Amino acid sequence: MYPSGGVMLGLLAALQVAVQGTGAMPCQPGFTENEYNVMTADVITEGQVLLKVDFVDCGRGSGLRFESGDPADFRIDADGTVMAARTLQLTDRKGQSLEIKAKDENSQEQWMVHINFTQPKQVPVILFPRHSVLVKGDDSVNRVKRDWVIPPVNVLENSRKQFPEELVKIQSDKDKSNTLRYSVTGPGADQNPTGLFIIDPISGLLSVTKPLDREHIPNFHLRAHAVDINGNQMENPIDIIINVIDMNDNRPEFTHQIWNGTVDEGAKPGTFVMTVTSQDKDDPNTANGMLRYKILSQTPESPSSNMFTINNKTGKIITVAAGLDREKVPQYTLIIQATDMEGNPTYGLSNTATAVIRLLDVNDNAPEFTRETFHGEVPENRVNVIVTNLTVTDKDEPGTPAWNAVYRIISGDPTGRFSIPTDPVTNEGLVTVVKPVDFEMNRSFMLTVVADNEVPLASGIHRTRQSTATVSIRVIDVNESPNFDPNPKQIKLEEGLPQWSMLTTFTAHDPDRYMQQTISYSKLYDPANWLEIDPNNGRISTIAVLDRESPYVKNNLYNATFMASDNGVPRASGTGTLQIYLLDINDNAPRVFPQEAEVCERPEPNAINITAVDGDLNPNAGPYAFELPNRPSDIRRNWTLTRISGDHAQLSLKISYLESGIYELPISITDSGNLPMSNTTYLRIKVCQCDHHGDCVDMERIMAAGLGTGAIIAILICIIILLVLVLMFVMWMKRRDKERQAKQLLIDPEDDVRDNILKYDEEGGGEEDQDYDLSQLQQPDTLEPDMIKPVGIRRLDERPMHSEPNYPIRSAAPHPGDIGEFIHEGLKAADTDPTAPPYDSLLVFDYEGSGSTAGSLSSLHSSSSGGDQDYDYLNDWGPRFRKLADMYGGNDD
């Protein structure tokens, strides 16, 4: 069986001891053995005890010390116990021996002994546990498992031996009587990662096939099985734990390659700065993963090369020396090294990182003015104007509270007219006017200013004196605006003040006392246009009657604004407000509200509540007196008016029934003012039929019956406009028809006689004489005798139809287009027509000059003589033509 961990092999008892020298001799200090031989496994774990050497000190006491010849791999205690300082593989060492030295600190004597290491040639054997059989009294048999702890198998990671490497041999005591087959299962065997461990099924040798990596898998849990050739289980499976022993195969790794830290300048020694950390993938419980830190270098090495130190276990960096000054060295750079194997420089692996330490500024430098005196100037009455800039120097870091300057005025400005804010970029002091300065009061200022920082000086920093400066400010005179005093000015007047009444004098004074300027006045704002101001002396008078009830008066106040201007260069002006408080007078008569109301035909359901409204205030308003007029008499007979209060009255029907309709009811109201005013207001009342709720049900009929005068006028105007539009449309249609008919006349240009057509006055005849078809003038050949005058068109004075003499029909014009000839023939026919009007009148025509192509028209003096005509038909025309018949148709008597 193979023990592991910190347990010694049982073979230590077989150490060979060679004792040199014989015989009894005096006490000689030294080791009891000249050489020690130790048989151990190839892999020795950290802390594993190998042996204990014996030394005879001969009473030398505590002055004796043991030393290991290879302290990196082995260490020895004061009692002589030798153990491994780290996990190692003996075959990897240069030698298989170790030298132990004993030294007397007092006499400086030394003694040495060698320890030789050897490894067993056989692999450890792991046996399946045996079982005992316990027989009880009832003949029952119980199998009891013996308590057997199987030690784990240690395998060094990254082994360089030949593979497969035999680890242990698994064996059962039943293989003497049976042929057994061995196998293993679990991760690394038949599970991922498969094939790492294999077992010889006959001999039971368990081997590893390749190097192992503890950082990947630190241990394996396998199960060993033993079966016969038929597959029957011969032993219960046993657990085999394989631990991968760590080797120092990983360097420390810093979590950051560059570390940034800060510390105040002037910090005391021992001030914490920062902590750096690193990690090692090796086993942290062994020296392989135990790290130690140290500072390799510091840049710059000022004022000392060791301004900082680091805790080798925790990585905390602290200051170790005084003299950190940001103004001299603003930043330090440290190279930090982390080494495993507890910092062993020979066997340990190391890595480096950079630590950048920036010194934070503290206020160890006070601001200093660049000059002792600063100059500036400012116009009077100006605010928020920068007069001058104050400059300082400060060696502290810009932009920090230790650098930012704060300026204060300690003298020369008792009224606080100036302030000095700081420019955040340039750190300059901006001397600014915050209250207006007056040239007439102060022509110059002399300020004393001090400068400090936002934070006080650091402790231990002292300065001899505080930096101060003088600021000389000159005030520039400017033309100032005239000022009204008081502004606003209030006066109290009664309303109704007549036109051209003098109200008050509103004047302004000029602040520029040394300029001797003239002030003129003008009106700037007068919404009701009631006032005027004298431009020379500022006297204000009325140009209209003041009315308190005007919409421009708010809360009895009327505001007007006036302007005063001087004659300076440039001109300056100021404004002032005049507030007139108007006292009420009784200048408004009361009136009824509402102006319209509804009431039922019968008095029971409801009544009308009326209110008196007056634009005046008390005592020129209520209480009011309400009264109905005596005339006409039916008003008091039909209605009754009852006063409810000083401002209200109730109107109701006095009779049992009043016909529905709209009534204009006069109501007289008198106010209570001194010299009271009365007014008669007409209340428009709509009397209607009501339902049982007292609501009107025939309001639409009443509204139709009560159409107002304005509505009637509007309706009439609309009707007139509509008629005019219709008439204009008809006239336009007739004119268009006439133009269309005129275009149908085809006139031969050679026979056109339009330039000779003369207009004659016509006396007699009617519209029907001109009613002819123009188309017939163009086609006279188609005229028929019975179509010359249409049937049904007759004159009222035309003679009755009877047999008449036949006249020859006019021949058609030789050419349809010869309108002139057609007209001549028409005239001839008219001359011979006895029915043509006038029958008994002498037609006299004005002389129109010679050369007329129309010739003479027919008349009573025509070429035909009376003797050639037969006038007997006149007797048939009736009594109206009796006289004419006697003149022409009678006999000689």
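Every residue gets a Cβ built from N, Cα and C, even glycine.
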According to Swiss-Prot, ASP213, GLU215, ASP249 bind Ca(2+) 1, and the residue from GLU157, GLU327, GLU342 that belongs to that same site is GLU157
Per Swiss-Prot, the range holding region 'Disordered', considering 270-308, 738-776, 777-815: 777-815
May I have the DSSP-based helix, strand and coil counts for the residues of the domain 'Cadherin 5' (591-702)? 10 helix, 51 strand, 51 coil
I'd like to know which of the recorded positions ASN248, ASN250, ASN260, ASN638 has the most other Cβ atoms within 10 Å of its Cβ. ASN248
Using a Cβ cut-off of under 8 Å, list the residues of the same chain at least 6 residues beyond the transmembrane segment (712-732) that approach it. none
At the Cα level, what's the spacing in Å between ASP280 (Ca(2+) 3 binding site) and ASP249 (Ca(2+) 2 binding site), rounded? 10
Where ASN248 (Ca(2+) 3 binding site) sits in the secondary structure, as DSSP reduces it to three classes: coil
What mean pLDDT does the predicted model reach across the domain 'Cadherin 3' (370-484)? 90
Running the recorded positions ASN248, ASN250, ASN260, ASP340, ASN442 through a 10 angstrom C-alpha radius around GLU215 (Ca(2+) 2 binding site) leaves ASN250
